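Enquirer: Mind having a look at this structure? Questions to follow.
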Amino acid sequence: MAVPFITEVKRTHTCGQLTKAQIGEEVVLFGWVQNRRDHGGAVFIDLRDREGLTQVVFEPDIAKEAHDLAGQLRLEYCIGIKGKVVSRGSQVNPKLKTGEIEIKASDLTIFNRSEPTPFLVEDNIDTAEEKRLAYRFLDLRRRPLQQSLMTRSKMNALTRSYLNEHRFLELETPFMGKYTPGGARNFLVPSRLNPGKFYALAESPQLYKQLFMVAGFDRYFQIVKCFRDEDLRLDRQPEFTQIDLEMSFVTQDDVFSVVEGLIKKLWGEVLGVDVPTPFMRMDFDESMAKYGNDKPDLRFGLEHVVLTDLIRQHGAAGGVPMIWEAVEQGGIVKAMVIPGDKPLSRAESDKLEEFAKQNGAKGLARAKVGEGGEWTQSPLSKTITPALRQAITQACGAKTGDLIVFQFGRESLVHTVMANLRVHVAKKLGLIPEYGSGGVWKFLWVVNPPLFEYDEETKTWAAAHHAFTRPHDEDVQYLQTDPGRVKCYRYDVVLNGFEIGGGSIRLHDPKVQAEVFKALGIGEEEARAKFGFLLDALKFGAPPHGGLALGMDRLAFLLTGVESLRDVIPFPKTKTGTDLMTGAPGDVDERQLRDVHVRSTPLPQK
C-alpha cells in the first residue's frame, strides 16, 4: 500500500542534516533528483533540497516496488522517500556533509515529474545569463544562488534583531506618494479615481521617515523596496532594497555608532570577520584630492597628488605651457605615481593614454624618473625647467624608475579620469586583494561634503543630495552670498570603492530651511507646492533628527562575493529593465489604459 507522504508521513530531516549519529533511524526526506545511477541492480540517486545532498539507494531485495519505481526517476523529479540511515563504510564522500551515510529506501513517491531542463541544475554551468534569467525558477535551484539568498535572509534577521535591541521600531511608509521634481527619475502610476493625476513610486522613504520623527517615533527602521527609473549597470536595479533608519535627538556620531555596530554584527555573524570600529573618517575634500571620488578604495595606495598650486607658483616660466594654460583657465592638475618596483611594460604604459581618452580625457601626460632625477619617455622633458621638474618629483615622492602620470583641465573631468585610472592601474599591478583574503575590508566615513553643487548648464546652484540636509552652523551665513562654501552634515559609508550607505543630519529649523530653498532659487510658493506637508510639520516642534540608508542589495553582493548584483536578487531585471521570465514590462489592453486616463503614443519612426 502506498505510503501517505505529506498528509500523514511528514519530513523528518533535510537533505543536509543526516550524520553518523542517525545511523539505524528511519527517516523521511523530500527533494529533487540531482543525480541518478544504476549499479549492480541497485538504483542510486542524490536527493537535493536547499540544505544539501543525501545519497539514497533503492535495492530490489529491500523494497521491490520502490526499486521498480526508482527506475523511472530522472533529473529534477520531485520525490519523497522513506528509509533507514546506514553507514557508507569505506565509500565516504568527504565533499558532502552527509558523506558518511546513505539511505536504504523502503518507500518512494513521485510528487511531480520534470521535463528535460534547458540547462543542468549544477553549481558551475556554462549557460548564457539570458537563458538562466528566463528560467529563473530553475536557476534558483542551484546551490550558489540558494546560498546567496539564504545569506541574504540571515542578514535580514540579523538586522531586525540588532535594531530591535537598540529600540528601533519597524514602521512602514507608502510606496505610492506625490511626485516631486528633482532627484532620480521616478516610476509613475496613473490614478483611475483622479483623472490626469499620477502617483510616484518612492525612490526612498526620506520625507515620511522625517515625519515619523516629528510624530515622536524617535527611532524608526524598515527593510524597504525603493524604485528609480535609471540606467542600469552591475550594481544597479530599477527596484532595490534599503535598510532605512532615522533617529531623533542625535548627532552624526550617534548615527555612526549605530550603523558601525550593525555592520560589525553582519560581518561577524555572516563571515566570522571582526570589523574594527570606529571606522576611519575622511573629509570629502581630502577624498576628492587623493582619490578623485567620494568612495575611495583604501585597499591599495596610488594616491593622487594635486599640483595646481605648484604649477601656479612657477607660472608660465615653468616650461609646461599647456598645463599652465589649464591652471590659468581655472582647471586643476593631478599626478599619480606608478611604482617602479612593480613596473608596467612600455606597451602597457602606452595603453594608459588610450584608457584616459576612453574616460573623456584628451590625453595623458607621463614621465619616467631616471637615475639623476631627469625625466624620460615624456615630451614634457624637453621644455620643463629643472626647478619645476624637481619640485614635481619631490611633491609626488617619486623615485628612480617610477612613472608619473598627469592629468590637467576641468576639475570634475580630472577627478573622474584619475579616479578610474587609479583603479585600472591597481588591477593591472595586482594590488587589489582577492575576495576573502586578509585585511580586505576597508570601511570609512566620507564626511563634510558641500551642500550645493553648481550646474554649469543652467548657471544655478542645486542641492548636492537633497534640500533637507543640515548645513554646518558656521556656514549658514554663506547660504546667500557664497553657496559653494557651505559644508553640510551629510555622510557616506564606503567599503572597498563601493558606497554602501549614505545619510545626513536633517534640517529641523524652518527658518534655515527657507534660506536653503532661497539659495536654490526655490520661492515660498514653489516650496509649498512641492513640500508643503513637510514644511508644515517642521513648524510643530520638529526635533533634531538624522539617519541613513544602507543598500541591502549591495551589502549582500559584498558579503557573498558573487560576480553580479543579480545573484543576490531572486528575480532581477536585465540592463534594459526587463524580466526575461515573466516578460515584464508588457503591453496592456486599450480598456485598461482608458480606465486610468492614459493614451499610448507610438514612438516616431527613425
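Positions of Cβ are set from backbone N, Cα and C atoms, glycine also.
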Enquirer: Can you find which of GLU286, GLU499, GLU515, GLU590 TrEMBL lists as binding ATP at the same site as ARG228, ASP229, GLU230, GLN237, GLY551, MET552, ASP553, ARG554?
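Expert: The record-listed residue among the candidates is GLU499.
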Enquirer: If TrEMBL is the reference, give me the range from 18-21, 206-209, 254-257, 326-329 marked as region 'Aspartate'.
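Expert: In TrEMBL, the region 'Aspartate' feature sits at 206-209.
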Enquirer: Under an 8 Å Cβ to Cβ limit, what residues of the same chain, 6 or more beyond the ends of the region 'Aspartate' (206-209), are close to it?
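Expert: Distant Cβ neighbours of the region 'Aspartate' (206-209) are 173-174, 177, 220, 244-246, 466, 468, 531, 533-534, 547.
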Enquirer: Can you check how the pLDDT averages out over the domain 'Aminoacyl-transfer RNA synthetases class-II family profile' (152-570)?
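Expert: Looking only at the domain 'Aminoacyl-transfer RNA synthetases class-II family profile' (152-570), pLDDT averages out to 92.
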Enquirer: Find the longest CA to CA distance in the recorded ATP-binding set ARG228, ASP229, GLU230, GLN237, GLU499, GLY551, MET552, ASP553, ARG554; express it in Å as a whole number.
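Expert: Output for ATP binders ARG228, ASP229, GLU230, GLN237, GLU499, GLY551, MET552, ASP553, ARG554: max Cα distance 19 Å.
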Enquirer: By a 10 A CB contact count over all chains shown, which of the recorded positions listed here is most packed: HIS39, ARG228, HIS465, ARG506, ARG554?
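Expert: Ranked by Cβ atoms within 10 Å, first place goes to ARG506.
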Enquirer: Using a 10 Å cut-off on CB atoms, tell me which of the binding-site residues GLU230, GLU499 is the least crowded.
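Expert: Counting other Cβ atoms within 10 Å of each of the binding-site residues GLU230, GLU499, the minimum falls on GLU230.
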Enquirer: With an 8 Å cut-off on Cβ-Cβ distance and a minimum sequence separation of at least 6, pull the same-chain contacts of MET552 (ATP binding site), or say none.
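Expert: Spatial neighbours, sequence-distant, of MET552 (ATP binding site): ARG152, MET155, ASN156, ILE223, PHE240, THR241, GLN242, ILE243.
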